[in-house]
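Take a look at the structure set out below.
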């Protein structure tokens, strides 16, 4: 089992603290969109479950609807049915009273399921939660931090062996092994550390992939000396503005792009490995250099708003 040295663990802990602080700051932005994501008819509480008070309020306000004219459709029955809808599938039968009219049950079922925001159609009911969260919170958000850009580049390269869900489930293990993807620290890794990471069965990375990440870190340190930061180098190809696409169907979203081919060629000349046009385009999508959310996805507008801000490189 791979164990980081005390010095590297301290660096990892400091980096995590910074990330948590940034996440807290960014939460204000997402709060603005919660009303659109979770309609007033069934609002979520802070514990990600529906609050009884909001259900009661919603059902009281709608008590004059046509479905509520049935004398048997009392407020208590509606609340009980709503609780049944948000309970786990194997418990729903114990919550839903049999006396509730079928019309009312169908109406509340539609209201409940409409609470889900519209996402890109490759996100399905079977998609893993970690992948859905990645789509909702990170994919397509413009990134300017060198460490995070390096992380996305490394994970995009792993797509040759794994899918996003498999990669994201091991993200924290990757961060610990590769010093929070600090290119200066990763570039200094020796044979012992490379072998330890490659032999870690939980991380599941071939030695060639580990060496690739270390070699790319060395390339990034050279780029930083020349351009001031890895962020400046990458965003320079984009004229410091993300490409905003307006694809309606998933079949329109390309696997590669002319810009990805340009970046790929330049990176290969500089010694980067596993940076073909397809990998680079995946990296661009994840890091928000190109906005490839479908136009009817709720995240498209959010990411476009971020993309249209003045370049905020530090």
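Placement of Cβ uses the backbone N, Cα and C atoms for every residue, glycine included.
Note that TrEMBL annotation is computational and uncurated.
Summarising the annotation, TrEMBL assigns Zn(2+) binding site to 120, 135, 293, 297. Look at TrEMBL and you will find 7-24 tagged as compositional bias 'Basic and acidic residues'. Positions annotated as region 'Disordered' by TrEMBL: 1-24.
Within 8 Å of the centroid of the Cβ atoms of 120, 135, 293, 297, where the record puts Zn(2+), the same chain has further Cβ atoms from 119, 122, 123, 139, 140, 294, 298, 299, 300.
Here the binding-site residues are 135, 293, and the one with the most other Cβ atoms within 10 Å of its Cβ is 293. Every protein chain considered, the tally of other Cβ atoms within 10 Å of the Cβ of residue 297 (Zn(2+) binding site) stands at 21.
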